[in-house]
Amino acid sequence: MWNQTDVLYESRLVGVSVGGKNVSGLQERVNITMNLTTVINNTQEPRCVFLNFSTNAFSSDGCLTLWKRDQSYITCSCNHLTYFGVLMVTPSNLSSEDTVILKYITLIGCSLSLFGLIISLLLFITNRKLRTDVSTRVHISLAIALILLNVHFLISQQTAALSSTGFCFYIAIALHYSLLASFSWMALEGFHLYILLVRVFNIYISRYLLKLSLVGWGVPAVIVSLVVIIDKDAYGHAPLNPSNPNDTTICYITNNTVKDVTTIGAFGLVFIFNMIMLVVTIRQVLSLRHDKEFGQSNYGRVKGDILVLLGISILLGITWGLVFFSFGSLTTPGLYLFCILNSLQGFFIFLWFVLALRKTRKSPTTTSSETRSTS
(Lines of atoms letter the chains of each structure in order from A and count residues from 1; the text may use other names and numbers.)
(Lines give C-alpha, C1' and ligand atoms only; values in the text may rest on other atoms or scores of the structure.)
Protein backbone atom coordinates (compact mmCIF):
# COMPACT_ATOMS: atom_id res chain seq x y z
CA MET A 1 0.00 0.00 0.00
CA TRP A 2 1.37 3.40 -0.98
CA ASN A 3 1.38 6.54 1.16
CA GLN A 4 -0.32 9.75 0.10
CA THR A 5 3.11 11.43 0.06
CA ASP A 6 4.32 9.05 -2.68
CA VAL A 7 4.19 10.72 -6.09
CA LEU A 8 4.46 9.47 -9.67
CA TYR A 9 7.79 10.49 -11.20
CA GLU A 10 7.17 13.31 -13.69
CA SER A 11 3.51 12.17 -13.73
CA ARG A 12 4.50 9.80 -16.53
CA LEU A 13 3.15 6.36 -17.45
CA VAL A 14 4.58 4.10 -20.15
CA GLY A 15 2.10 1.74 -21.81
CA VAL A 16 3.25 -1.57 -23.28
CA SER A 17 0.76 -3.91 -24.97
CA VAL A 18 0.39 -6.45 -27.78
CA GLY A 19 -2.71 -6.01 -29.89
CA GLY A 20 -4.63 -4.63 -26.93
CA LYS A 21 -4.59 -8.05 -25.23
CA ASN A 22 -3.98 -8.75 -21.55
CA VAL A 23 -0.51 -10.30 -21.36
CA SER A 24 0.66 -11.76 -18.03
CA GLY A 25 2.67 -14.64 -16.58
CA LEU A 26 5.53 -14.21 -19.02
CA GLN A 27 8.33 -16.78 -18.74
CA GLU A 28 10.85 -14.16 -19.85
CA ARG A 29 10.48 -10.91 -17.95
CA VAL A 30 10.07 -7.64 -19.87
CA ASN A 31 12.68 -5.00 -18.98
CA ILE A 32 11.72 -1.36 -19.40
CA THR A 33 14.47 1.21 -18.84
CA MET A 34 13.58 4.85 -18.16
CA ASN A 35 15.95 7.78 -17.77
CA LEU A 36 15.79 9.79 -14.55
CA THR A 37 16.23 13.39 -15.68
CA THR A 38 15.47 14.89 -12.26
CA VAL A 39 17.83 14.49 -9.31
CA ILE A 40 16.44 12.15 -6.63
CA ASN A 41 16.97 13.36 -3.08
CA ASN A 42 18.17 11.08 -0.29
CA THR A 43 14.75 10.94 1.38
CA GLN A 44 13.12 9.15 -1.56
CA GLU A 45 13.61 6.09 -3.73
CA PRO A 46 12.10 5.17 -7.11
CA ARG A 47 9.76 2.18 -7.18
CA CYS A 48 8.53 0.41 -10.31
CA VAL A 49 4.74 0.16 -10.30
CA PHE A 50 1.89 -0.34 -12.73
CA LEU A 51 -1.64 0.99 -12.84
CA ASN A 52 -4.12 -1.67 -11.76
CA PHE A 53 -7.36 -0.71 -13.48
CA SER A 54 -9.48 -3.11 -11.39
CA THR A 55 -8.51 -1.32 -8.16
CA ASN A 56 -7.68 2.05 -9.74
CA ALA A 57 -4.44 2.09 -7.76
CA PHE A 58 -0.72 1.52 -8.26
CA SER A 59 0.75 -1.91 -7.52
CA SER A 60 4.21 -3.48 -7.70
CA ASP A 61 2.98 -7.09 -8.04
CA GLY A 62 5.07 -8.99 -10.58
CA CYS A 63 7.57 -6.15 -10.99
CA LEU A 64 11.14 -5.78 -9.76
CA THR A 65 12.96 -2.47 -9.38
CA LEU A 66 16.55 -2.46 -10.67
CA TRP A 67 18.20 0.75 -9.55
CA LYS A 68 21.18 2.10 -7.60
CA ARG A 69 21.46 5.58 -6.16
CA ASP A 70 24.36 6.56 -8.41
CA GLN A 71 22.44 5.62 -11.57
CA SER A 72 20.63 8.11 -13.81
CA TYR A 73 18.21 5.47 -15.07
CA ILE A 74 15.90 2.81 -13.67
CA THR A 75 14.92 -0.58 -15.07
CA CYS A 76 11.54 -2.15 -14.37
CA SER A 77 11.55 -5.93 -14.81
CA CYS A 78 7.98 -7.26 -14.98
CA ASN A 79 6.24 -10.49 -15.97
CA HIS A 80 3.25 -8.75 -17.56
CA LEU A 81 2.39 -5.89 -19.92
CA THR A 82 0.40 -2.83 -18.87
CA TYR A 83 0.92 0.86 -18.02
CA PHE A 84 4.14 1.25 -16.03
CA GLY A 85 5.45 4.14 -14.00
CA VAL A 86 7.99 5.10 -11.36
CA LEU A 87 6.66 6.01 -7.94
CA MET A 88 8.84 8.08 -5.60
CA VAL A 89 8.49 6.56 -2.15
CA THR A 90 9.94 7.11 1.31
CA PRO A 91 12.45 4.31 2.03
CA SER A 92 12.27 1.97 4.99
CA ASN A 93 13.57 3.01 8.42
CA LEU A 94 15.98 0.08 8.20
CA SER A 95 19.46 1.17 7.14
CA SER A 96 21.43 -0.65 4.45
CA GLU A 97 23.95 -1.76 7.10
CA ASP A 98 21.21 -3.30 9.23
CA THR A 99 19.79 -5.02 6.16
CA VAL A 100 23.15 -6.67 5.40
CA ILE A 101 23.63 -7.73 9.04
CA LEU A 102 20.12 -9.21 9.19
CA LYS A 103 20.79 -11.17 6.00
CA TYR A 104 23.89 -12.76 7.53
CA ILE A 105 22.08 -13.46 10.81
CA THR A 106 19.28 -15.16 8.91
CA LEU A 107 21.68 -17.15 6.72
CA ILE A 108 23.74 -18.39 9.68
CA GLY A 109 20.67 -19.07 11.82
CA CYS A 110 18.86 -21.01 9.08
CA SER A 111 22.00 -23.05 8.36
CA LEU A 112 22.39 -23.96 12.05
CA SER A 113 18.69 -24.79 12.25
CA LEU A 114 18.87 -27.01 9.18
CA PHE A 115 21.85 -28.87 10.64
CA GLY A 116 20.15 -29.28 14.03
CA LEU A 117 16.84 -30.40 12.52
CA ILE A 118 18.51 -33.05 10.36
CA ILE A 119 20.35 -34.39 13.43
CA SER A 120 17.03 -34.38 15.33
CA LEU A 121 15.42 -36.40 12.55
CA LEU A 122 18.28 -38.92 12.65
CA LEU A 123 17.98 -39.20 16.44
CA PHE A 124 14.26 -39.84 16.05
CA ILE A 125 14.79 -42.52 13.41
CA THR A 126 17.48 -44.36 15.38
CA ASN A 127 15.83 -44.24 18.83
CA ARG A 128 12.89 -46.57 19.44
CA LYS A 129 11.70 -44.78 22.58
CA LEU A 130 11.40 -41.50 20.71
CA ARG A 131 9.58 -43.17 17.82
CA THR A 132 6.90 -44.61 20.10
CA ASP A 133 6.14 -41.33 21.88
CA VAL A 134 3.16 -39.50 20.37
CA SER A 135 4.33 -36.03 21.42
CA THR A 136 7.77 -36.60 19.92
CA ARG A 137 6.18 -37.69 16.65
CA VAL A 138 4.23 -34.43 16.57
CA HIS A 139 7.46 -32.53 17.22
CA ILE A 140 9.26 -34.37 14.42
CA SER A 141 6.50 -33.43 11.98
CA LEU A 142 7.14 -29.78 12.81
CA ALA A 143 10.86 -30.44 12.40
CA ILE A 144 10.30 -31.89 8.91
CA ALA A 145 8.22 -28.85 7.93
CA LEU A 146 11.00 -26.56 9.16
CA ILE A 147 13.62 -28.59 7.27
CA LEU A 148 11.65 -28.01 4.06
CA LEU A 149 11.27 -24.33 4.93
CA ASN A 150 14.97 -23.78 5.60
CA VAL A 151 16.10 -25.73 2.52
CA HIS A 152 13.82 -23.83 0.15
CA PHE A 153 14.58 -20.48 1.76
CA LEU A 154 18.35 -21.00 1.55
CA ILE A 155 18.24 -21.93 -2.15
CA SER A 156 15.56 -19.40 -3.09
CA GLN A 157 17.92 -16.45 -3.52
CA GLN A 158 20.35 -18.43 -5.69
CA THR A 159 17.47 -19.75 -7.79
CA ALA A 160 16.14 -16.22 -8.35
CA ALA A 161 19.61 -15.09 -9.43
CA LEU A 162 19.60 -17.70 -12.20
CA SER A 163 16.70 -15.83 -13.82
CA SER A 164 14.94 -19.11 -14.59
CA THR A 165 11.29 -18.13 -14.32
CA GLY A 166 9.99 -21.70 -14.60
CA PHE A 167 12.20 -23.20 -11.88
CA CYS A 168 11.74 -20.12 -9.69
CA PHE A 169 7.97 -20.66 -9.93
CA TYR A 170 8.24 -24.15 -8.41
CA ILE A 171 10.68 -23.04 -5.72
CA ALA A 172 8.28 -20.22 -4.80
CA ILE A 173 5.42 -22.71 -4.46
CA ALA A 174 7.58 -25.05 -2.35
CA LEU A 175 8.70 -22.18 -0.10
CA HIS A 176 5.13 -20.99 0.42
CA TYR A 177 3.91 -24.54 1.09
CA SER A 178 6.66 -25.30 3.61
CA LEU A 179 5.99 -22.02 5.42
CA LEU A 180 2.27 -22.79 5.68
CA ALA A 181 3.06 -26.37 6.77
CA SER A 182 5.29 -24.97 9.53
CA PHE A 183 2.45 -22.72 10.68
CA SER A 184 0.01 -25.65 10.56
CA TRP A 185 2.21 -27.87 12.71
CA MET A 186 2.79 -25.03 15.17
CA ALA A 187 -0.99 -24.81 15.56
CA LEU A 188 -1.22 -28.60 15.93
CA GLU A 189 1.47 -28.42 18.62
CA GLY A 190 -0.90 -26.09 20.48
CA PHE A 191 -3.84 -28.43 19.93
CA HIS A 192 -1.82 -31.43 21.11
CA LEU A 193 -0.77 -29.48 24.19
CA TYR A 194 -4.43 -28.76 24.93
CA ILE A 195 -5.27 -32.46 24.64
CA LEU A 196 -2.44 -33.41 27.00
CA LEU A 197 -3.04 -30.81 29.72
CA VAL A 198 -6.76 -30.03 29.62
CA ARG A 199 -8.62 -32.97 28.09
CA VAL A 200 -6.64 -35.53 30.06
CA PHE A 201 -9.30 -38.08 30.94
CA ASN A 202 -11.73 -40.10 28.82
CA ILE A 203 -10.03 -39.20 25.57
CA TYR A 204 -9.31 -41.57 22.75
CA ILE A 205 -8.89 -40.32 19.19
CA SER A 206 -8.46 -43.17 16.74
CA ARG A 207 -5.71 -42.65 14.17
CA TYR A 208 -4.80 -39.44 15.97
CA LEU A 209 -1.48 -38.86 14.20
CA LEU A 210 -3.00 -39.63 10.80
CA LYS A 211 -5.68 -36.99 11.35
CA LEU A 212 -3.10 -34.47 12.51
CA SER A 213 -1.02 -35.20 9.42
CA LEU A 214 -4.01 -34.68 7.11
CA VAL A 215 -4.47 -31.22 8.62
CA GLY A 216 -0.77 -30.36 8.96
CA TRP A 217 0.18 -31.31 5.41
CA GLY A 218 -3.20 -31.16 3.67
CA VAL A 219 -4.43 -27.66 4.54
CA PRO A 220 -1.28 -25.94 3.19
CA ALA A 221 -1.57 -28.00 0.00
CA VAL A 222 -5.17 -26.84 -0.48
CA ILE A 223 -4.23 -23.18 0.06
CA VAL A 224 -1.30 -23.30 -2.37
CA SER A 225 -3.40 -25.14 -4.97
CA LEU A 226 -6.13 -22.50 -4.76
CA VAL A 227 -3.57 -19.72 -5.22
CA VAL A 228 -2.16 -21.43 -8.33
CA ILE A 229 -5.65 -21.95 -9.77
CA ILE A 230 -6.81 -18.39 -9.07
CA ASP A 231 -3.61 -16.52 -9.91
CA LYS A 232 -0.68 -18.48 -11.29
CA ASP A 233 1.33 -15.25 -11.56
CA ALA A 234 1.30 -14.95 -7.77
CA TYR A 235 4.55 -16.95 -7.64
CA GLY A 236 7.88 -15.87 -9.06
CA HIS A 237 10.68 -13.36 -8.45
CA ALA A 238 9.96 -11.17 -5.42
CA PRO A 239 12.11 -8.73 -3.38
CA LEU A 240 13.50 -10.21 -0.16
CA ASN A 241 12.73 -6.91 1.56
CA PRO A 242 9.30 -5.73 0.29
CA SER A 243 9.99 -2.18 1.49
CA ASN A 244 13.09 -2.07 -0.73
CA PRO A 245 12.52 -3.65 -4.17
CA ASN A 246 16.05 -2.61 -5.18
CA ASP A 247 17.31 -5.26 -2.78
CA THR A 248 17.99 -8.97 -3.33
CA THR A 249 15.23 -11.02 -4.94
CA ILE A 250 14.03 -14.49 -3.99
CA CYS A 251 11.53 -16.96 -5.42
CA TYR A 252 8.36 -16.35 -3.44
CA ILE A 253 4.92 -14.72 -3.60
CA THR A 254 4.76 -11.72 -5.93
CA ASN A 255 1.16 -10.74 -5.17
CA ASN A 256 1.04 -8.62 -2.01
CA THR A 257 -2.62 -9.44 -1.30
CA VAL A 258 -1.99 -13.19 -1.53
CA LYS A 259 1.06 -12.81 0.70
CA ASP A 260 -0.78 -10.80 3.34
CA VAL A 261 -3.79 -13.14 3.48
CA THR A 262 -2.06 -16.52 3.26
CA THR A 263 0.98 -15.79 5.40
CA ILE A 264 0.42 -12.87 7.77
CA GLY A 265 -3.30 -13.57 8.07
CA ALA A 266 -2.83 -17.32 8.49
CA PHE A 267 -0.09 -16.91 11.07
CA GLY A 268 -2.17 -14.30 12.90
CA LEU A 269 -4.81 -16.96 13.55
CA VAL A 270 -2.15 -19.48 14.60
CA PHE A 271 -0.52 -16.91 16.89
CA ILE A 272 -3.80 -16.06 18.67
CA PHE A 273 -4.66 -19.75 19.12
CA ASN A 274 -1.22 -20.69 20.42
CA MET A 275 -1.06 -17.70 22.77
CA ILE A 276 -4.27 -18.98 24.34
CA MET A 277 -2.73 -22.45 24.57
CA LEU A 278 0.39 -20.99 26.20
CA VAL A 279 -1.68 -19.16 28.82
CA VAL A 280 -3.60 -22.38 29.52
CA THR A 281 -0.29 -24.24 29.85
CA ILE A 282 1.12 -21.68 32.29
CA ARG A 283 -2.01 -21.95 34.45
CA GLN A 284 -1.81 -25.74 34.45
CA VAL A 285 1.90 -25.75 35.31
CA LEU A 286 1.40 -23.28 38.16
CA SER A 287 -1.50 -25.28 39.58
CA LEU A 288 0.42 -28.56 39.34
CA ARG A 289 3.65 -27.18 40.78
CA HIS A 290 2.14 -25.19 43.61
CA ASP A 291 3.46 -26.53 46.90
CA LYS A 292 0.46 -26.55 49.21
CA GLU A 293 2.52 -27.74 52.17
CA PHE A 294 5.02 -24.87 52.18
CA GLY A 295 2.93 -22.30 50.34
CA GLN A 296 5.57 -21.68 47.67
CA SER A 297 7.20 -23.46 44.76
CA ASN A 298 10.63 -25.01 44.96
CA TYR A 299 13.31 -22.92 43.21
CA GLY A 300 14.57 -25.86 41.20
CA ARG A 301 11.09 -26.69 40.00
CA VAL A 302 10.43 -23.08 39.06
CA LYS A 303 13.65 -22.99 37.05
CA GLY A 304 12.68 -26.22 35.32
CA ASP A 305 9.18 -24.92 34.61
CA ILE A 306 10.60 -21.77 33.02
CA LEU A 307 12.77 -23.88 30.70
CA VAL A 308 9.75 -26.02 29.80
CA LEU A 309 7.66 -22.95 29.00
CA LEU A 310 10.46 -21.51 26.87
CA GLY A 311 10.64 -24.79 24.97
CA ILE A 312 6.88 -24.82 24.50
CA SER A 313 6.98 -21.22 23.24
CA ILE A 314 9.48 -22.27 20.56
CA LEU A 315 7.36 -25.25 19.49
CA LEU A 316 4.26 -23.05 19.31
CA GLY A 317 6.10 -20.46 17.22
CA ILE A 318 5.31 -17.65 19.67
CA THR A 319 8.50 -15.82 18.66
CA TRP A 320 7.12 -15.42 15.13
CA GLY A 321 4.64 -12.98 16.67
CA LEU A 322 7.44 -10.41 16.91
CA VAL A 323 6.58 -9.48 13.32
CA PHE A 324 3.42 -7.78 14.62
CA PHE A 325 5.44 -5.49 16.88
CA SER A 326 8.21 -4.49 14.45
CA PHE A 327 7.05 -1.02 13.47
CA GLY A 328 7.95 2.60 14.17
CA SER A 329 10.81 2.95 16.63
CA LEU A 330 10.63 -0.81 17.28
CA THR A 331 11.30 -1.75 13.64
CA THR A 332 15.06 -2.31 13.92
CA PRO A 333 15.22 -4.06 17.35
CA GLY A 334 12.08 -6.01 16.52
CA LEU A 335 13.54 -7.32 13.26
CA TYR A 336 16.81 -8.25 14.96
CA LEU A 337 14.95 -10.29 17.58
CA PHE A 338 12.70 -11.78 14.91
CA CYS A 339 15.61 -12.89 12.71
CA ILE A 340 17.72 -14.24 15.58
CA LEU A 341 14.99 -16.20 17.36
CA ASN A 342 13.14 -17.53 14.32
CA SER A 343 16.13 -18.41 12.18
CA LEU A 344 17.39 -20.45 15.16
CA GLN A 345 14.02 -22.10 15.87
CA GLY A 346 15.18 -25.37 14.35
CA PHE A 347 18.38 -25.33 16.40
CA PHE A 348 16.36 -24.77 19.59
CA ILE A 349 14.19 -27.76 18.66
CA PHE A 350 17.39 -29.78 18.23
CA LEU A 351 18.41 -28.89 21.81
CA TRP A 352 14.92 -29.94 22.91
CA PHE A 353 15.40 -33.33 21.22
CA VAL A 354 18.78 -33.81 22.88
CA LEU A 355 17.25 -33.18 26.31
CA ALA A 356 14.36 -35.52 25.48
CA LEU A 357 16.82 -38.22 24.44
CA ARG A 358 18.75 -37.88 27.70
CA LYS A 359 15.48 -38.13 29.61
CA THR A 360 14.39 -41.32 27.80
CA ARG A 361 17.75 -42.96 28.50
CA LYS A 362 17.40 -42.25 32.21
CA SER A 363 13.75 -43.36 32.45
CA PRO A 364 12.56 -46.99 32.31
CA THR A 365 11.28 -48.34 29.01
CA THR A 366 7.72 -47.19 28.37
CA THR A 367 5.46 -47.11 25.38
CA SER A 368 3.04 -44.43 24.40
CA SER A 369 -0.27 -45.22 22.75
CA GLU A 370 -2.76 -43.19 20.81
CA THR A 371 -4.18 -40.07 22.39
CA ARG A 372 -7.43 -40.79 24.15
CA SER A 373 -10.66 -39.42 22.89
CA THR A 374 -14.15 -38.80 24.26
CA SER A 375 -16.80 -41.12 22.99
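Placed from the backbone N, Cα and C atoms, the Cβ positions cover glycine too.
In TrEMBL, annotation is done automatically, which means it is predicted and not curated.
Annotation source TrEMBL lists domain 'GAIN-B' at 1-94.
TrEMBL lists 102-357 with the feature domain 'G-protein coupled receptors family 2 profile 2'. Computed over the domain 'G-protein coupled receptors family 2 profile 2' (102-357), the whole-number mean pLDDT of the model equals 85.
Sequence-distant contacts of the transmembrane segment (101-126) (same chain, at least 6 residues past either end, Cβ-Cβ under 8 Å): 94, 136, 140, 143-144, 146-147, 150-151, 153-154, 240, 248, 335-336, 339-340, 342-347, 349-351, 353-354, 357. Annotation comment: TrEMBL describes 101-126 (among others) as transmembrane segment.
The annotation transmembrane segment is assigned in TrEMBL to 138-155 (among others). Residues 107, 110-111, 113-114, 117-118, 120-121, 124, 171, 174-175, 177-179, 181-182, 184-186, 188-189, 192, 209, 212-213, 216, 250, 315, 345-346, 349, 352-353 of the same chain, all 6+ positions outside the transmembrane segment (138-155), place their C-beta atoms under 8 angstroms from a C-beta of that stretch.
If you look at the transmembrane segment (167-188), the same-chain residues 6 or more away from its ends with a CB under 8 A from one of its CBs are 138, 141-142, 145-146, 148-149, 151-153, 155-156, 159-160, 212, 215-217, 219-221, 223-224, 227-228, 235-238, 250-254, 262-263, 266-267, 269-270, 273-274, 315-317, 320. Annotation comment: TrEMBL describes 167-188 (among others) as transmembrane segment.
Taken from TrEMBL, the feature transmembrane segment applies to 208-230 (among others).
Annotated transmembrane segment per TrEMBL: 264-286 (among others), in sequence order. Tertiary neighbourhood of the transmembrane segment (264-286): same-chain residues 180, 183-184, 186-187, 189-191, 193-194, 197-198, 223, 305, 308-309, 312-313, 316-318, 320-321, 323-324, selected by CB-CB distance under 8 Å and a gap of 6+ residues from either end.
What TrEMBL records for 306-328 (among others) is transmembrane segment.
For 334-355 (among others), the entry in TrEMBL reads transmembrane segment.
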When you scan the chain for residues with a C-beta under 8 Å from the transmembrane segment (306-328), skipping those not six or more beyond its ends, what do you find? 139, 142, 182-183, 186, 189-190, 193, 264, 267-268, 270-271, 274-275, 277-278, 281-282, 285, 334-335, 337-338, 341-342, 345, 348-349, 352
Could you put numbers on the helix, strand and coil content of the domain 'GAIN-B' (1-94), residue by residue per DSSP? 0 helix, 45 strand, 49 coil
